[in-house]
Amino acid sequence: MSAPALSPIGKAFVVAAFLEAITWSGLLVGMFFKYQTASVDLGLSLVALFGRAHGLAFLVYVVVTVMAGVRQRWPLWALLLGVLAAVPPLVTVPLEIWFRRIGLLSPRG
């Protein structure tokens with residue numbers, strides 16, 4: 001069974017969720033190098049780079065999630081879950097996969 005087609009805002013949600021997770025990962029790697037290894041300079045550089053990138057990705061993800069929720073007429077629970085998924089590391093990708101499966105990212109007819 002193939003996945004349903006994505007709406008334009010659904011595609012934006014997929015990209016935002018992926019970027020949010022990637023930048024979270026980079027920030028966690030940077031924090032590991034900064035606090036758990038002797039490579040403090042590398043850690044500081046990675047934290048600075050991915051910290052800024054993740055801050056931007058987080059804000060973009062939240063805005064795109066709210067836009068998707070409004071345009072796609074998501075139930076309130078889905079909108080709240082979408083926004084809250086940005087807080088714990090790497091939750092946006094599994095949420096995006098689930099939202100795709102249940103049709104929340106498909107075009108509305």
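Placed from the backbone N, Cα and C atoms, the Cβ positions cover glycine too.
Taken from TrEMBL, the feature domain 'DUF3817' applies to 11-101. Sequence annotations record features per position, and here TrEMBL assigns transmembrane segment to 12-33, 45-70, 76-99.
Same-chain neighbours of the transmembrane segment (45-70): 9-10, 12-13, 16-17, 19-20, 22-24, 26-27, 29-31, 33-34, 78-79, 82-83, 86, 92, 104-105, counting only residues six or more beyond its ends whose CB sits under 8 Å from a CB of the stretch. The average pLDDT the prediction assigns to the domain 'DUF3817' (11-101) is 94.
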